[in-house]
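Features as listed in TrEMBL:
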type	residues	note
TRANSMEM	67-90	transmembrane segment
TRANSMEM	128-149	transmembrane segment
TRANSMEM	161-184	transmembrane segment
TRANSMEM	262-286	transmembrane segment
TRANSMEM	298-319	transmembrane segment
TRANSMEM	331-357	transmembrane segment
DOMAIN	383-492	domain 'TMC'
TRANSMEM	449-474	transmembrane segment
TRANSMEM	495-521	transmembrane segment
TRANSMEM	563-585	transmembrane segment
C-alpha cells in the first residue's frame, strides 16, 4: 500500500517540460477559441426568430424546423441583396439623376425611341389600385423597373460614376454573392450530414447518449427537447423498418415494384408536360390581349400567373398520390416529390420566359418585318425589359396573395370545421399535415422568380424580403393552430442539404436568363441604361478603353495567360487539398463506425459468455448482478 502511495506521489510530481514559445501558442489558441465561442454566443442571442425555431423543432421535429431555417436564410439573403442594390444602383440613381449627363446617340431610328408609359388623361382612383397590382401606369415609370433608369454618368476632377456600368456589375455581383452564400451554407449542411451519418440508420446510441442538452432549464425546454429526440428516433426506426421490408422482397416482387414505379413516373411526367402546354397557351393569349383595360385587362395580365399557380397546386397533389403507390421511404419520398415539383415549377417558369422571348425576338428571326427596324418587336414591346420585370413582379405578388388567401379561406375554416363538427366526413378529413416538400418548393419558386427578374426589376429582392417575413408568420400560424404532427417524418440532416441543392437549380435557371439577356438580345432603344448599345455587355469594353493606360495594362495582365494559368493551378491544388481533406474525414468517420460496431459485437459476445458461465456454475441472476 505504501509502495502504491509513493508511486502515485511520484506521478503527481512529474510536470511536463514545455517551452515558453509552446506555452504562448497554447494560451493564444485557448484565448482565440474562447473569443470565438463568446462571439458565436453573442450573435446567437440576436439570431432572427431563435425561440420560435426552437419551439418548432421541439413540437414538430427537425424536418419541419429545417423548412423554417431555410426560410430565415432566404429572408437574410434577400435583405442583404437589397442593401447591395440600393447602395450601388438605387441611391446613386436618385442622387445623380438631376446633375448627371446622359449619353446620346443620333443614329438610332426615331420610331425605336418611342416609349411613354405615363398616362396623359385623367386617371380614375381605382386605376391606381390596378396599376399597383399589374406594375403598369405610375408603377411602370418608377425606380421599381428597368425602364426608369437612365444611361447617366457623373464626371469631375476627383470622382466619376457610370450608372450603366454600376447597374450591370451590381447584377453580376448579386448573382455571385447569392452563389457564395448558397455554397457556404451547403458546406455547413454537408458537414452536419457526414457527421451524423446522413441517411444511414443505426445511430440510436448517438441519439440516446449524446442528444440531451444538459443546459435545458424549466419544464417547457425539457419537454421540447424530449419531443425533438422522440421525432429523431421515430425517423430512424421507420427508415430501418422500410429497409428491412425492401430486403425481404423476392425477385418477382422487386420486378413488379420497379415496373410499378416506372409506370407511375411516366404518368407523373405526362401530367407535367400537359401543365407546360397550358402555360404556353395562357401566355400567348395573355400577351395578345394585354391592351385590355379595367378588371378584364387585369385578369388577362394575370392569366399566366393563374395557370402556373393552378398547375403547381394540382399536379404535385396528383404526384403525391402517385408517390404513395410507389412505396418509397419517407426521406426518399420527400426527395422524389421535390424533384418532380422542381421540374414542374422551374420549367414552367422557363416556358413562360421562352414564350416571351419568342414574341420579343419574333421567334429568333430579327430580320422579320416586326423586328427589322429595332432588332426586336418594338411595336408590342417598346421596353421589353420592363415587360419581363412586370411579369416577374406579378408572379411574386400573385404567389404572395395566394398564400394569404389559402390561409384565410381554406386552412383556418378547415380547422374550425374539424374541431367543432363531429361529422364522420369532417373527422375523416381531419386537420392538415404540414407538407415540407411543397412548402420548400414554394420558397424555391419564389426565389427563382426574384433572381430571374432582379435585372429587370431591381427592387424585387426588397419585395421578396417583406413577402418572406409575412410568410414566416403565416406558416407559423398554420403549423401551430391548423396542422397536426405528421404521421410520417423524415431526416432533417439530408433534407437541409437537399433544399439548397434544389435552390441551386433555380439559381442556374435565373443565371441562364441573365447571361442571355446581357449578351444576346438587343436592349430596348427607348428606355433603360443600355439603350444605345448593341447588347448590355458592350458597355464593359467601351468603359475599359476609357480607362487610363496603367489601369488597362493591369487588367490586361489579369486576363493574360501569365496570370490565369498560375491562378488556375493554385485553385486546382487547393481543390485537391480540400477533396483529400474531406476524404480523410470520411474515412475516419467510416472507421469509427466500424469500430463501434465491432465493440458492440464484442460486448454481445462477452454478455453471451457471461450468461453461459453463469448457467454452468448455476449462479442466481440477482447474485450475478451484484
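Glycine residues also receive a Cβ, built from the backbone N, Cα and C atoms like all the rest.
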Same chain only, please: residues at least 6 beyond the ends of the transmembrane segment (495-521) with a C-beta under 8 Å from a C-beta of the stretch. Say none if there are none. 63, 66-67, 69-70, 168, 171-172, 175, 178-179, 182, 185-186, 189-190, 192-193, 331, 334-335, 338, 342, 346, 349-350, 353, 357, 360-361, 376, 384-385, 436, 440-441, 444-445, 447-448, 451-452, 454-456, 535-537
In the domain 'TMC' (383-492), how many residues does DSSP put in helix, strand and coil? 85 helix, 4 strand, 21 coil
Beyond the flanks of the transmembrane segment (331-357) by 6 or more, those residues with Cβ under 8 Å of it: 63, 199, 235, 239, 268, 272, 275-276, 279-280, 283-284, 287, 304, 308, 311-312, 315-316, 319-320, 323, 387-388, 391, 395, 436-438, 440-441, 444-445, 448-449, 452, 488, 490-491, 494-495, 498, 502, 505-506, 509, 513, 521
Closest-packing stretch to the transmembrane segment (67-90), where packing means Cβ pairs under 8 Å, from 128-149, 161-184, 449-474, 563-585: 449-474
What residues in the same chain, six or more past the boundaries of the transmembrane segment (128-149), come closer than 8 Å to it by Cβ-Cβ distance? 89-90, 93-94, 115, 117-119, 163, 167, 294-295, 297-298, 301-302, 383, 385-386, 389-390, 393-394, 397, 455-459, 524, 527-529
Tell me, what is the mean pLDDT of the domain 'TMC' (383-492)? 83
